[in-house]
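*Asks:* The following feature annotations were taken from Swiss-Prot:
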{"type": "MOD_RES", "residues": "S32", "note": "phosphoserine"}
{"type": "COMPBIAS", "residues": "82-91", "note": "compositional bias 'Basic and acidic residues'"}
{"type": "CROSSLNK", "residues": "K117", "note": "SUMO1 cross-link"}
{"type": "MOD_RES", "residues": "S144", "note": "phosphoserine"}
{"type": "MOD_RES", "residues": "S166", "note": "phosphoserine"}
{"type": "MOD_RES", "residues": "S239", "note": "phosphoserine"}
{"type": "COMPBIAS", "residues": "247-270", "note": "compositional bias 'Basic and acidic residues'"}
{"type": "MOD_RES", "residues": "S292", "note": "phosphoserine"}
{"type": "COMPBIAS", "residues": "316-325", "note": "compositional bias 'Basic and acidic residues'"}
{"type": "MOD_RES", "residues": "S328", "note": "phosphoserine"}
{"type": "MOD_RES", "residues": "S354", "note": "phosphoserine"}
{"type": "MOD_RES", "residues": "S366", "note": "phosphoserine"}
{"type": "MOD_RES", "residues": "T385", "note": "phosphothreonine"}
{"type": "COMPBIAS", "residues": "395-408", "note": "compositional bias 'Basic and acidic residues'"}
{"type": "COMPBIAS", "residues": "415-429", "note": "compositional bias 'Basic and acidic residues'"}
{"type": "MOD_RES", "residues": "S437", "note": "phosphoserine"}
{"type": "MOD_RES", "residues": "S578", "note": "phosphoserine"}
{"type": "ACT_SITE", "residues": "D815", "note": "active site, proton acceptor"}
{"type": "MOD_RES", "residues": "Y849", "note": "phosphotyrosine"}
Amino acid sequence: MAAAETQSLREQPEMEDANSEKSINEENGEVSEDQSQNKHSRHKKKKHKHRSKHKKHKHSSEEDKDKKHKHKHKHKKHKRKEIIDASDKEGMSPAKRTKLDDLALLEDLEKQRALIKAELDNELMEGKVQSGMGLILQGYESGSEEEGEIHEKARNGNRSSTRSSSTKGKLELVDNKITTKKRSKSRSKERTRHRSDKKKSKGGIEIVKEKTTRSKSKERKKSKSPSKRSKSQDQARKSKSPTLRRRSQEKIGKARSPTDDKVKIEDKSKSKDRKKSPIINESRSRDRGKKSRSPVDLRGKSKDRRSRSKERKSKRSETDKEKKPIKSPSKDASSGKENRSPSRRPGRSPKRRSLSPKPRDKSRRSRSPLLNDRRSKQSKSPSRTLSPGRRAKSRSLERKRREPERRRLSSPRTRPRDDILSRRERSKDASPINRWSPTRRRSRSPIRRRSRSPLRRSRSPRRRSRSPRRRDRGRRSRSRLRRRSRSRGGRRRRSRSKVKEDKFKGSLSEGMKVEQESSSDDNLEDFDVEEEDEEALIEQRRIQRQAIVQKYKYLAEDSNMSVPSEPSSPQSSTRTRSPSPDDILERVAADVKEYERENVDTFEASVKAKHNLMTVEQNNGSSQKKLLAPDMFTESDDMFAAYFDSARLRAAGIGKDFKENPNLRDNWTDAEGYYRVNIGEVLDKRYNVYGYTGQGVFSNVVRARDNARANQEVAVKIIRNNELMQKTGLKELEFLKKLNDADPDDKFHCLRLFRHFYHKQHLCLVFEPLSMNLREVLKKYGKDVGLHIKAVRSYSQQLFLALKLLKRCNILHADIKPDNILVNESKTILKLCDFGSASHVADNDITPYLVSRFYRAPEIIIGKSYDYGIDMWSVGCTLYELYTGKILFPGKTNNHMLKLAMDLKGKMPNKMIRKGVFKDQHFDQNLNFMYIEVDKVTEREKVTVMSTINPTKDLLADLIGCQRLPEDQRKKVHQLKDLLDQILMLDPAKRISINQALQHAFIQEKI
């Protein structure tokens, strides 16, 4: 026993030096990464070589020489020492310790100081000369070997060689550290001073260089032997607080061999050693991180974890009584700079570790490729299959050493990713830990819960540094649960205000001293902020929901009040989130009736008011211009002339009395199949003809009075007498009946059919009487000026209602234009008429001449399949014409129509062009538009290929023209322009739908 004591005393200075040198190397982070793990034994030898080599630079005291001699016998003696070690540590007399301390302290510190300075000045980047700190760490690592034996075997299986060297190293370290408690204390103080100096000078370099240095240090650690690394890491974590350690050791002591007693002594000195070498922590935690970071490993270790968690639980309850914050083992896997705080004492709860959040994140990222490699090796290792006894032993040791680490990690600044992973993994295993904090988990919002997923493991650095509190929320939930109930009140308020002041208040990045504040307070502060965040979020969302509900309630009431004439469902409103189509239609119909009531006699006045808005010069200029352009609707060729006694009709002989020309009695039909109308004749024994309205493609129309119904005025449409026209007339009859049946209340502004009959082999349809069509209205009231915006808005509402009914009945009108829209006497109500071109939506034969040319949609021209969109296009052209009095697209040919449409909306989409049957008439192989125009000089057709067509027509300028509009009207014109833009989309798929049009602001908002 005495021999063992003296040997350990002699070995002590060298071991201290080895430790110090290794820690400096690791702190500088210069280790090469590409040396493989299986070379560990060679490096062990090298390490001893280094130790002896560097003794030149150190004190060569008598003890050292003696020690060198004794060193040879270490291997033989280590087994005996394991047994007597426990009594050794008790037997050490304080006098010997003091004596030893006094002997070596001064010399030691002097030389180490010089070495550290030299290292700082010269070898910071190279790391070739191993300093005193490095040597200390080296001895420290070799001393930790025995405990890590199992991990060593897991890595390479070379257990026997490892054990001999590891035990030898361990004996050195144990005795060594018993005798040098005081010296290591003073030395650690000295080193702490140095390191803070060094940190100041080194700050910039570390941040810039940290990726390189860390990877280097990793490599050297790796090459020094993975076994040592893991073992030293394992042990170094044990010793944060002596009390804690002692208690947990008592708990676990049963499962340990006598050699484990050494841990107690080592722990004391190692807690001081940790102060000396913060980067040891880095390497340790990194190694630990390897275990918990990889999902594969998590699965592999879940069994271990389950059994561990039981022991953990008992230990936790113990430490809870001491009010020490303890986290689950997985929480200790902090990485990189998180563990850098040099001046930490075991008793304190350090609040911060990182130089700054960003470098920490960088280090995480830079390490990852290597970690994956190591992880995969580890997961395959046999350590998972160790005997239960051995596994329990290593587990208990591991757990014991993790407790201080847990405390160290409880700072708000550190939240390792492994923490998240292992927590998730533990919840899968349903370990007792989950039962410690049910409320904590339940209170988590879905968003936060989601952040645990593997994908979120690698959160962005920005996020990690932005919310340090959130990062380690779950970490301290266990011990916190009881404490919270006790100290909730004032402390929570205090900590909340603290957090709000400055979220980075406690970080070492400001170079501040660590405040001595209880870690339980820390934990509370963190938890309460999170809780408050969640509650605030929930409250905020609840308020938003209420506001939305209130808003729509109010809007619904508002819309119900504003439409008193029409019953509407309680929740109905066109402004609610999703008003039903019926509600929209009700509102629009009510608007129309209101307009009708208010404007019975004001139509002409409103048109005059619009005329007055035009400037005199513009009026003159435009009228002169118009004289030059031929009007296609002049009376001479207007088939909708208002009066039957026009010169043309008289010349044709229509309107002469029968008595004057009795030969006409048998000649009812002219050469083209039209019925020869005679004023005064009676049709079907009841309709007394008194006027002639006009002649269309399919028919001519007369005005009559119904003798059977108290001379009620009607319009009688007499279809041309030929097979095709009869067929067309019957089709129109069918559609009209269908539409009328679908609209019994006459809300949808399609012409009402009263009845039909045959007269002289002509099919006759009897309609409600309407005075004029919109073409005539425009000529009479709004030539080149158009109608008032109020009238246009009302007409547009009614037209959209008519389209709605058509769509409900699956009918395409296919000839909407001002000529086919009739108005009543007061010009307030319009009706869509002339369904001679109408068809069922499924029977849409592709023909390029469907619909009157000026109102023909582009899909018809290129021969693409079409649907209700063609009627919407026609309505858009009609509305423009109603407001401006000008035709929107006065194309001379289909090709010209396409050119004019593209001048407004830009080039037609290629996708649409390709679907056109007649695309080759208007587009080349590259889908460039071929504009066919007649040369003004030669009067021959010339083709201009236009690869791009930029929209040049300004719709708004055309709509406003030279009017000086008041603000309310200007707003409506802007809305009309927006509506027309959506109606006149070249691609019918993008064109506005009828429901959308009915909800448009132009339709909904009153003037």
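Just so you know, glycine gets a Cβ as well, placed from its N, Cα and C.
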*Asks:* DSSP on K117 (SUMO1 cross-link), three-state: which is it?
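*Replies:* Looking at the DSSP assignment, K117 (SUMO1 cross-link) belongs to a helix.
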*Asks:* In whole Å, note down how far the CA of the residue listed as 'active site, proton acceptor' lies from the CA of K117 (SUMO1 cross-link).
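*Replies:* The separation of the Cα atoms works out to 97 Å.
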*Asks:* Among K117, D815, all listed as recorded positions, which has the most CB atoms within 10 Å of its CB?
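*Replies:* The residue with the densest Cβ neighbourhood is D815.
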*Asks:* Report, as a single number, how many Cβ atoms besides its own are within 10 Å of the Cβ of Y849 (phosphotyrosine).
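*Replies:* A count of 10.
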*Asks:* Calculate the distance in Å between the alpha carbons (Cα) of Y849 (phosphotyrosine) and the residue listed as 'active site, proton acceptor', and round it to a whole number.
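*Replies:* Rounded to the nearest whole number, the Cα-Cα distance is 11 Å.
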